[in-house]
Amino acid sequence: MATSAEGLNQLEELKRRTHPIRAIIALVLGVVGLLFAIGLSISFGAANISLGTVWTAVFHFSSDLTEHQIIREIRLPRVLGAALVGACFAVAGSIMQGMTRNPLADSGLLGLNAGAAFMLAVCFAFFPGMSYMYLIMWSFVGAGLGVVIVYGVGSLAKGGLTPMRLVLAGAAVSALLGALGEGIALYYRIGQDLAFWYAGGVSGTKWSHLQILTPWILVAMIGALILSRSITLLSLGEELAIGLGQRTVVIKVWGMIIVLILAGAAVSVVGAVGFVGLIVPHLARYIVGHDYRWIISCSLVYGALLVVLADFTARIINPPYETPIGALIAFIGVPFFLYLARKGGKEL
Amino acid sequence: MTVLEIEHVAIGYSSTLIVDDLSVTIPKGQISTIIGPNGCGKSTLLKAVARVLKTQEGAVYLDGKAIHQLKTKEVAKRMAILPQTATAPGGLTVFELVSYGRFPHQTGFGTLRKEDYEYIHWAIDVTGLKEFSDRPIEALSGGQRQRVWIAMALAQGTDILVLDEPTTYLDLAHQLDVLLLLQKLNKEEGRTIVMVLHDLNHASRFSHFMIAMKNGQLIVNGHPNEVMTKENLQTVFHIDAEMAICPYSANPICLSYQLYERDK
Amino acid sequence: MSHHAFLTASQQKTRKKHFIILGTLIVLILITFVISMNTGVIKLTPLEVLRTLFGQGDAQQQLILFEFRLPRIVVAILVGMGLASSGAILQGISRNALADPGILGINAGAGLMVMLFISFFPSTAAAPVYLLPVLAFIGSGMTAIIIYALSYKRHEGITPMRLLLTGIAVAAGISSAMIVLTLRLTPENYQFVATWLAGSIWGSNWKFVLSLLPWLIILLPFIYSKSRILNVLNLDELTAIGLGASIEKERRWLLAASVGLAGASVSVSGGIGFVGLIAPHLARQLVGAKHQILLPVSALLGGLLVLLADTIGRSILEPSEIPAGIVVAVLGAPYFLYLLARLKE
């Protein structure tokens, strides 16, 4: 067996290609950028508020001031929601890409988006007037449904769940759930309501939602960071990972659970904003090399940054209307993706 | 007599040249083997010969004509290529895949004619695949699969066969099997064979002509006796080889070797 | 068939199997055809249908069959054939099991055009809908050209991988433009566009049959004549070149044919994307990867699938209709999943 010797060589290679210093600089810059973007996003809006006021509103809150109220009750939860959603999508995307060794993989592949959209259509059609909270929860259930079907089909298959089979099953399940959702939307004439719901993005986020979502997301994020080393190994190839003594099945199952929690939470809040999970990990890989410990942490920060900025732009571009955040991100994402496709280097 | 002439070729991508100003002539009706360390450009050279890669400078001549100016179909009637990474789509049987070798000789819808069947059946027989003829490719072992690809190249009915590491992934017996088959085709039918091999002893034993490359350049070429020397192996591979004589071909082989002590 | 002598017994058996499959598909289409003729608010017995078809029915029966049901059935079959063939070509040249006409931006481009057009009118009734197929076709053609141009590189031409990636990106961009547009449509217009996007055979009169037919009559024989080339392109690139295929030129022609077929189909049917993905897959399971047989089987399967879907969509929730695209996905996806779970490869 030459595998383990080869594997060690590849690991050496990997070490040489990762750039810890660049990664740390990128992380620090990212965090600073994120904090700045959050501040910016809070201070701009229908009523402009100075950054100083933002500071005092957060750290020396006074309930008598309207500005403080706006910040506390409307803008802060919204911007935190955007940051969380972005971080979730990006981390889920990088886990998917690492585990499937497919640079085009993102959480939509697992039937997550279609599942959430389907469930949302069901809720709109049969339980009109359902509260935001329940809608999010049911979307999450839908996302889980999608993943369970994709995985179920994959694991029933002889020869197990190959990345190719995963992709095909994901496409079929997405088509199925998507069609069902579409059918319901057409029949009950709720398609446009759904579109408005998705266009709203993170605007409806409240503290109570954050309170429920944040613990889950935090746990999943920590899980992702713990898994990251194993994902680096998996990204070199399954056989190699097994050869190096990894229990790949366990890692994959945990990976999927984490992806489900992260992407499921994000999808249920803003709908399928696909490009975040696709581009950010690419960008991260470009900056920090191939070590998933760095890729995942960078994705976390930059995903959050991207969505916060997108949400900010969505608000100011055509006030008082909100531009759909998914469209905005696609506006940045499509050219970037085209550039990657054209460059056609080893990255893609 | 030569069939393939490689004249001052430079091959590579805009900024980096992988092969630079290399000239060599491939003798007709003989087995020629390119050897060299990993990354020396031997596969690249073979791809240029196979017109898969364009040369940046210089040209490859087939029977005196620049290969890029010939119609690709005309080239395919004279020269068959077996790439290293040949992959078949799912659901094809051995017979079907081998029949694709008749592509350059067909027109239109691709109905097989009598002559086509003869070539296909001959190719399947000579590679010992008769009993597998209707099996799907996926159901075959690695060695059998490699023979199917060779059969496809044979069905093409060309005088020249170009093979990129035809023995990779095969066990000892299957490697020999493939090489003996190629030798037989060369001896009995006078086919010209050009290939890349990693195994120096196989290369020496089966070739009439060897081409040793390093860093994209030709180091030495000629009969195995001239190429397989202690000095040459030291230059090309940086190894200190114990040489012996192959009892089957009387050509030199490398008995065992040590890494050459570099002055650090 | 002068060379039967050269075929082994098992090859002859395979050949026979292929003919049986082709025959079965045609019979199934005919059966669905008769059922579909009987489907609708006004019931006709199979006998009445047959009598009317042979010119023996009364005026009302003739009107229903010839002016409403027959053209729709023909359109459904043609659309299915076109989309499935288009998908089979794309999967062949890209060697990617996920390629379907949607990859070339056909659906997205047509959809955007339709949506843009409708958004200019206060209500659907005011819009000259007869222009829609033309516009949809222009939209899909333009998108395909853009994708081709963006994935073309000097010296390298088009690689299938780059084409797929570019297609995904452009389609995603168009979809997000559509999200923005969606919000500005009136509810009535939205409903129209959504139904269109979901893929309903709405262009159901003889004019649409006539606008669709020439494409298929020209392009289907063309792609069959390229079967042999598709076989070779379906191998890896190096082998294809070695066999003497001018891959760049052939790819361009086949892509153009694929765009033509899918564009023409989508222009009268809306976004029935899944047929292009699933029909070639099913066909490959039935008859293997040789395009001489794979292409006709894919086309027939596609025709059958869309006709069946349209018939079901019309009858299941009478008097309202479910778009065929939705029925195709709901029928096709579970079967596809079943195949996926059962197969080794």
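Including glycine, each Cβ sits where the backbone N, Cα and C put it.
According to TrEMBL:
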TRANSMEM  C:20-42  transmembrane segment
TRANSMEM  C:73-90  transmembrane segment
TRANSMEM  C:102-121  transmembrane segment
TRANSMEM  C:127-151  transmembrane segment
TRANSMEM  C:163-186  transmembrane segment
TRANSMEM  C:206-224  transmembrane segment
TRANSMEM  C:253-279  transmembrane segment
TRANSMEM  C:291-310  transmembrane segment
TRANSMEM  C:322-341  transmembrane segment
Item to complete: For the transmembrane segment (C:102-121), find every same-chain residue at least 6 residues outside the stretch whose CB is under 8 Å from a CB in it, and list them.
Response: 86, 90, 94, 127, 131-132, 135-144, 146-147, 163-164, 167-168, 170-171, 174-175, 177-178, 181-182, 184-185, 189, 192-193, 196-197, 255, 258-259, 262-263, 266-267, 270-271, 273, 276-277
Fill in: Highest-contact recorded stretch vs the transmembrane segment (C:73-90), from C:163-186, C:206-224, C:291-310, C:322-341, CB pairs under 8 Å
C:291-310
Item to complete: Please give the sequence-distant neighbours of the transmembrane segment (C:322-341): residues at least 6 beyond its ends with Cβ less than 8 Å from one of its Cβ atoms.
Response: 76, 195, 198-201, 269-275, 278, 281-282, 285, 305-306, 308-310, 312-313, 316
Fill in: Interface-richest range of C:20-42, C:127-151, C:206-224, C:291-310 toward the transmembrane segment (C:163-186), CB pairs under 8 Å
C:127-151
Response to the item:
In the same chain, residues at least 6 away from the ends of the transmembrane segment (C:20-42) whose Cβ sits under 8 Å of its Cβ atoms read 49-50, 60, 64-65, 68-70, 73, 76-77, 286-287, 296-297, 300-301, 303-304, 307-308, 310-311, 314-315, 318-319
